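Engineer: Supplied in C-alpha cells, the structure appears directly below.
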Amino acid sequence: MRSFTNLNPCYVLLPFFLVLATNATHTNNFLPRPRTGYYGSACWNVESIVRSVVESNYLANPANAPGILRMHFHDCFVQGCDASVLLAGPNSERTAIPNLSLRGFNVIEEAKTQLEIACPRTVSCADILALAARDFVHLAGGPWWPVPLGRLDGRISLASNVILPGPTDSVAVQKLRFAEKNLNTQDLVVLAAGHTIGTAGCIVFRDRFFNYDNTGSPDPTIAPSFVPLIQAQCPLNGDPATRVVLDTGSGDQFDTSYLNNLKNGRGLLESDQVLWTNLETRPIVERLLGLRFPFLIFGLEFARSMTKMSQIEIKTGLDGEIRRVCSAVN
C-alpha cells in the first residue's frame, strides 16, 4: 500500500498568485467567484471529504488518477467547467465518441453523496471534479495547488457539442483549440504533459505505427526501437480497445518522463510527438526538461495551467445550479 506521507515536498505548492481570495463564505455575493475559501463555514470540510474519497479510490485503482484528470479536461473544454460531462442520458456528452472511454464517474458520485450528507445542496459537482483532479494528480506524485471554488453545475449536455483536441492534431490545430479557451501555447504543452500518467487505446494510434498517412510504414518521427515495442502490444489484427501506457517506463508516476520520451522519439500519440518536432513548442519542452534557459518547473507550471483551465467558461448566478446528484439535473 502506498503511503501518502512520503510525497515529494517540492511538489506541495502554495503559490500566492493562485490564491484569488481567502476566508470568504459562499453567502457573500459581492466577492468574485470562483475563489479559494468560497464555501467557508457552509462546508468547511469540503476539501477533506473529497480528499478522503480520492485517497480510497486511488488505493483501490491508481488508474482513477488519469481517468479523473482526463474527465476534468474533457469537461472544461466543452461548454466550460460545469460538470456537464457527468450528466447521463441519451445524446449527452458522455455518449460522444471521445468520452466513451472516460472512467471515474463513480468516484465523483461517491464524493457528492458524502458532501450531501455533510453539507446538503451546497457543493457543486463541478467543484468536486476540480478538487478530485488536483488530489489525484498529487497522489500520483504531482503538484498540489489551491483550487478556486464556486462553480455552478450546467444544465445542458449534448454529444454534438463535444469538440476536443484529437490524438492526430497538428500543433496549429491544437493551438487553435486551446486559444478558443483562452489558453496559450505554453498551457498546451504543459497540459499535454499530463499524459505522464494514463493509457490510450490501440485504435487511437495504431495506424501511426503500421501505416502512417497510408504510406505502409510507421511515422518516421518515431524512434526505430520504439516501433516493434508498440506493434507487439497493438498488432494489426489485435483488439483495438487494448490499452497501452502513454509514458513508457513511468506510466503511474507524475513526472517529466513523458516529455523526455518526446525528445527521444518515443511519444505514443502523434499530437504529443509533434510538440517536439515543432519549432515553436520544442523550446517549451526543452525548458520543462531543464535543457534550455530560462528553465520551467513542470510541477509549478502544471499547477498554473490547471488553475487557468479549471476556470474556463464557469457558470454563475442563474446560469447554473447545485445538483443533488451529479448524473442528473435537479
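Glycine residues also receive a Cβ, built from the backbone N, Cα and C atoms like all the rest.
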Engineer: Considering the Ca(2+) 2 binding residues Asp247, Ser250, Asp255 given in Swiss-Prot, which of Thr196, Thr307, Thr316 is annotated for that site as well?
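Structural biologist: Candidate in the recorded Ca(2+) 2 site: Thr196.
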Engineer: Could you pull the disulfide partner of Cys43 out of Cys119, Cys125, Cys202, Cys234, going by Swiss-Prot?
Structural biologist: Cys119
Engineer: List every residue in the same chain as Cys76 (disulfide bond), at least 6 positions away in sequence, whose Cβ is under 8 Å from its Cβ.
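Structural biologist: Spatial neighbours, sequence-distant, of Cys76 (disulfide bond): Lys181, Met309, Ser310, Ile312, Glu313.
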Engineer: Sort Cys202 (disulfide bond) into helix, strand or coil using the DSSP assignment.
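Structural biologist: Assignment for Cys202 (disulfide bond) reads helix.
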Engineer: Could you tell me which of these disulfide-bonded residues, Cys81, Cys119, Cys326, has the greatest number of Cβ atoms within 10 Å of its own Cβ?
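Structural biologist: When each Cβ's neighbours within 10 Å are tallied, Cys81 tops the list.
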Engineer: Taking only the recorded positions Cys125, Thr196, Cys202, Ser250, which one has a CA atom nearest to the CA atom of Asp82 (Ca(2+) 1 binding site)?
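Structural biologist: Smallest Cα separation from Asp82 (Ca(2+) 1 binding site) among Cys125, Thr196, Cys202, Ser250: Cys125.
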Engineer: Whole-number answer please: how many Å between the C-alpha atoms of Cys43 (disulfide bond) and Cys326 (disulfide bond)?
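Structural biologist: Each residue's Cα considered, Cys43 (disulfide bond) and Cys326 (disulfide bond) end up 18 Å apart.
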Engineer: How many neighbouring Cβ atoms, not counting its own, are there within 10 Å of the Cβ of Cys125 (disulfide bond)?
Structural biologist: 30
